[in-house]
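Since the structure comes first, as structure tokens, the remarks are kept for the end.
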Amino acid sequence: MLAVHFGAGNIGRGFIGSLLYQSGYETCFVDVNSEIVDLINEKGEYRVVLADASHEELLVKNVRALNSASDPDKVVDAIAKADLVTAAVGPNILPHISGLIAEGLKKRTTPVNVIACENMVGGSTLLKEKVYEKVTEAERAAFDKRVGFPDAAVDRIVPNQSNEDKLMVTVEPFYEWAVDETKIIGDKPPVDGITWVNDLKPYIERKLFTVNTGHAVAAYFGWQAGARTINEALESDKIKQALAATLQETGRFLVTKYGFDEAGHNAYIEKIIGRFANPYISDEVTRVGRSPIRKLGGNDRLVSPASQYAKLLGETPVYLAKSIAAALLYDYAQDPEAVEVQETVQQDGLASAITRFTQLQEEQPLFKEVVMQYEDIQKNGI
Ligand SMILES: NC(=O)C1=CN([C@@H]2O[C@H](COP(=O)(O)OP(=O)(O)OC[C@H]3O[C@@H](n4cnc5c(N)ncnc54)[C@H](O)[C@@H]3O)[C@@H](O)[C@H]2O)C=CC1
Ligand SMILES: O=P(O)(O)OC[C@H]1O[C@](O)(CO)[C@@H](O)[C@@H]1O
């Protein structure tokens, strides 16, 4: 079985690639990082090491790689032959890989599924839209019959790597890969470790608005407090308390919306906070807080739960508003999105920046709370 996986980065190698190998696939990674592509082809294997006391290692074999910038035709050929196509490149990159996927799919007559493994609601659906923009109506009709784009929720903390062995990836032991089985075309790909679900929405919202909201809070609050890593941020009782309070807010709306068992959800929150504090992982706040414009978007981990909370419960979520404010204040000079947010606030004013990045409107109580929290952080810190 051949899997073509776009993005040989942390999640690509450390999570998806390792499950594909363990399930018997040959994996052809596609990336634009020539150093990683060359190394994968030179070694033909890499190590995945668990970030716990065991330091257990898995040697992932049966891998090769293609550089989509220099060898696009080979990528198209690989997609034409693949039994499964996956991606973990980041939401903003999905439009850039859609052209090659479209070309590869045009060359096929047999069914295949394409799964985007990104931190977002509807990643594969977005990829499908981008692929469909690049083909004719007749091709779209043909793809409808033989290409599935099931959405997915992926959960495994894989920090930036600083190992001497550039292919090695240290990963947390926990993982969850939930895929929408209702959108599969043909047989389900036999990947051990996928949890097939017939309603992904509760999974993706619970995960995005707990794991990713919580992580973002630790990162943005940590940045304000001068912490370099998530572990450092969580050494502060104030940040720990704010993190717990934020997850109580997202928890309240999730339990109300989906009817999750409250005690079970609280245990889920506790487990996640424990995962953030894993002493075997050193995770920079700048990685977890990366791309604040994406994270401030109306459908993402801060504004979506805040808006849904306000709508569903009729109250303004104070800690989520504080989290949005902290994201707006994230001024890491090496993150282009953070720079753009800061420039927008300076040039156009805070109100205009909030509307532009969060799509919240000035008359909304949540908007006003964000402004208050922003001013409070500026004056008093986190
Ligand atoms: N790292 C983590 O703990 C988790 C990450 N995710 C999601 O997985 C996705 C990837 O994240 P990471 O692996 O952390 O990022 P990463 O930066 O380590 O990996 C992304 C890879 O995509 C490659 N890439 C960029 N443009 C490309 C293109 N046009 N064609 C092919 N490859 C391209 C990059 O060179 C890089 O190797 C993101 O959506 C992220 O939200 C989800 C769960 C956990
Ligand atoms: O990959 P993103 O969406 O930029 O955000 C980083 C998030 O992804 C993770 O890497 C894993 O879910 C978390 O560490 C963090 O919440």
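The backbone N, Cα and C atoms fix where each Cβ goes, and this holds for glycine too.
Nobody curates TrEMBL annotations by hand; they come from automatic prediction.
According to TrEMBL, the feature NAD(+) binding site maps to Ala3, Val4, His5, Phe6, Gly7, Ala8, Gly9, Asn10, Ile11, Gly12, Arg13, Gly14. The domain 'Mannitol dehydrogenase N-terminal' annotation in TrEMBL covers 2-192. What TrEMBL records for 199-377 is domain 'Mannitol dehydrogenase C-terminal'.
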Restricting to the same chain and to sequence separations of six or more, state which residues have a Cβ under 8 Å from that of Gly7 (NAD(+) binding site).
Phe29, Val30, Asp31, Ala87, Ala88, Val89, Gly90, Ile93
When you measure from each Cβ to the nearest atom of ligand 1, which of the binding-site residues Ala3, Gly7, Arg13 fall under 6 angstroms?
Gly7
Distant-in-sequence Cβ neighbours of Ala3 (NAD(+) binding site), under 8 Å, six or more positions away:
Leu20, Tyr25, Glu26, Thr27, Cys28, Ala82, Asp83, Leu84, Val85, Thr86, Pro189
